[in-house]
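This is the feature table in TrEMBL:
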REGION    1-116  region 'Disordered'
COMPBIAS  10-25  compositional bias 'Acidic residues'
COMPBIAS  26-38  compositional bias 'Polar residues'
COMPBIAS  41-58  compositional bias 'Acidic residues'
COMPBIAS  82-91  compositional bias 'Basic and acidic residues'
DOMAIN    140-257  domain 'PX'
């Protein structure tokens with residue numbers, strides 16, 4: 001059919017449109033490298049048109065601005081489940097306004113440094129402005145991305161295990177922190193938080209249980225997106241983000257598993273689990289808690305048992321820096337003794353640790369009866 005001369009008519013359908021039939025619910029529509037999510041109302045209308053099924057997401061009324069924060073936090077780069085993020089998004093960008101501020105106005109002539117006294121100072125100022133603009137425009141929020149979901153069949157149960165990466169936006173994570181959780185784990189977290197933070201949780205949506213079709217690709221994809229938004233919304237609320245219920249959801253299972261592996265002598269497997277727990281606490285910003293000191297103890301013990309003495313020495317040094325202002329922590333004596341022993345082995349300075357041990361002896365602390373770092377690690381209750 002011929003188009004009007006003015007070109008105002010509608011264009012013909014593209015031949016590739018037939019390939020988009022499975023994308024009717026907006027689960028993988030790409031917009032500038034991000035997923036486009038349908039709203040709650042859109043999902044409700046679509047499900048009513050299909051088979052009248054109940055709504056998947058339990059969407060309570062949102063406070064102004066709450067929906068935008070949850071939706072933005074739930075985005076992930078890559079259109080498929082298990083897709084990786086576009087590395088270009090991790091680099092800082094400078095806005096056109098900043099570029100114009102650094103560009104000369106029309107008619108201005110560039111003058112060399114030899115012709116203009118003090119131009120080197122101007123160059124340093126421009127370089128400093130450029131650094132500050134890059135740093136100020138780099139987002140520093142935590143992103144939650146479901147990278148894979150697998151159906152697990154056991155003797156008496158069948159469930160979906162979701163693998164979630166914790167990624168700091170604007171930075172490159174060589175070894176990202178990850179967790180693997182099932183629906184019942186998320187449901188328990190939701191229930192505990194609603195009991196304690198009823199008002200704050202009023203605007204947080206959580207996917208409902210379904211009586212059927214729990215293992216279809218469509219349901220798994222919807223729940224993956226919902227869990228990303230759920231965690232992002234929780235992390236955006238200050239009180240919830242700092243609560244033990246939210247924090248321990250991420251790293252407490254790894255600490256328990258690492259402790260069991262250490263007790264059974266499986267140090268290489270335990271080391272990997274301790275390291276992941278370390279990264280999780282680092283991403284969540286709880287690097288000064290007692291759990292983090294226990295993680296450093298686990299890393300030091302496993303490194304030492306695997307004859308990686310320099311790494312074990314570094315873990316002890318990091319722990320002692322955190323314990324600098326504390327004089328009576330239960331792990332202070334064991335860390336000092338381990339640090340002195342490892343420093344002697346690797347040829348590092350141990351005088352400061354020996355001086356601190358002497359101060360503890362003069363204060364009346366019976367260091368001979370102090371347990372070793374490994375004994376403290378094994379006996380620590382993780383409940």
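Backbone N, Cα and C atoms are what each Cβ position is placed from, and that goes for glycine too.
TrEMBL annotations: computationally assigned, not manually curated.
On this model, are these features tucked inside or out on the surface, and what's nearby?
For the domain 'PX' (140-257), the DSSP counts in helix, strand and coil order read 55 helix, 31 strand, 32 coil.
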Note the mean pLDDT of the domain 'PX' (140-257), expressed as a whole number.
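Mean per-residue confidence for the domain 'PX' (140-257): 92 out of 100.
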